[in-house]
Amino acid sequence: MTKVGIVGSTGRMGAHLIKNVLEEEGLELAALHVFDELTVDVPDEVLITNSMSEVLKACDVVIDFSAPVATQELCEEALKNPTALVIATTGFTAHQQNLLTEAAKEMPVLYSSNMSAGIALLKQLVEQVSATLKDFDIEIVEQHHRHKVDAPSGTALTLGEFAAKGRGLDLDDVRVSGRDGQIGARTKDEIAVMALRGGDIVGRHTVGFYNDGEFLELNHTATSRETFSKGAIRAAKWLVDQKNGLYSINDCLGI
């Protein structure tokens, strides 16, 4: 049995992860890291703690759906107690992103801004279309529930990175987030990434390629958080057998 820990167990994804780990054959829910009171029932033998180091010591793999500051603490503690890490948190600073890279030298780390198989394939398609339709303008729109705290979403930025990669560009050099006022005409290389917030939208991402006389839009819609939870569990089961290194969900899926 593979022992699994969850960081972010009291958050929006926590209940789904707990339920799915308990149901998954070959996995044992070993530890939960909590900031607040746990609102779901778990077996008595599950360790419930606010100590990141205790979670790491109890597990073969830790799944993290939390916040950047918690992920930073997790990585810092994991450097002392190397454990396979599945990271699905978004909104990292450059320093926090570097911590993931450092941790991956000592343990297997899988980081993806979105754990769904559909988004994994969409990234590949976006890069391919971007490279093929070189004269098309690229605009990305993401929609999420009113409670999401970071914008644009990590998934939208990842899609933007793949779009830029398809044209040999760096997203940081060409990204535009929002437009207002007399800003002038759109530049040739810019990639816009727009964020909409409202209601209970789980997640919707559209990458549009626009030209005179025609346009193509690639769209992915998540209708349940179970998609992300089950994707993270699939990643965890795969990751425990990997060597030290930094992986993505695409590596797990072999695409």
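Each Cβ is built from the backbone N, Cα and C atoms, and glycine gets one as well.
Positions annotated as NAD(+) binding site by Swiss-Prot, on the basis of sequence analysis: Gly8, Ser9, Thr10, Gly11, Arg12, Met13, Ala88, Thr89, Thr90, Ser112, Ser113, Asn114, Met115. When other Cβ atoms within 10 Å of the Cβ of Ser113 (NAD(+) binding site) are tallied across all protein chains shown, the result is 22.
Under DSSP, His144 (active site, proton donor/acceptor) is assigned to a strand (E or B) in the three-state scheme. Here His144 (active site, proton donor/acceptor) comes close to Ser153, Ala195, Leu196, Arg197, Ile201, Val202, Gly203, Arg204: these same-chain residues lie at least six apart in sequence, with C-beta atoms under 8 angstroms from its C-beta. According to Swiss-Prot, the active site, proton donor/acceptor annotation covers His144.
The (S)-2,3,4,5-tetrahydrodipicolinate binding site annotation in Swiss-Prot covers His145, Gly154, Thr155 and is backed by sequence analysis. The 10 Å shell around the Cβ of Thr155 ((S)-2,3,4,5-tetrahydrodipicolinate binding site) contains 24 further Cβ atoms across the protein chains shown. DSSP classifies Thr155 ((S)-2,3,4,5-tetrahydrodipicolinate binding site) as helix under the three-state reduction.
All protein chains included, Lys148 (active site, proton donor) registers 17 other Cβ atoms within 10 Å of its own Cβ. Sequence annotations record features per position, and here Swiss-Prot assigns active site, proton donor to Lys148.
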* Asked: Which residues, sitting 6 or more apart from Thr90 (NAD(+) binding site) on the same chain, put a CB under 8 Å from its CB?
  -> Ser113, Asp150, Ser153, Gly154, Thr155
* Structure fact -> Expressed in Å to no decimal places, the gap between the Cα atoms of His145 ((S)-2,3,4,5-tetrahydrodipicolinate binding site) and Arg12 (NAD(+) binding site) is 11
* Structure fact -> Note: among binding-site residues Gly8, Gly154, least Cβ-dense neighbourhood at 10 Å is Gly154
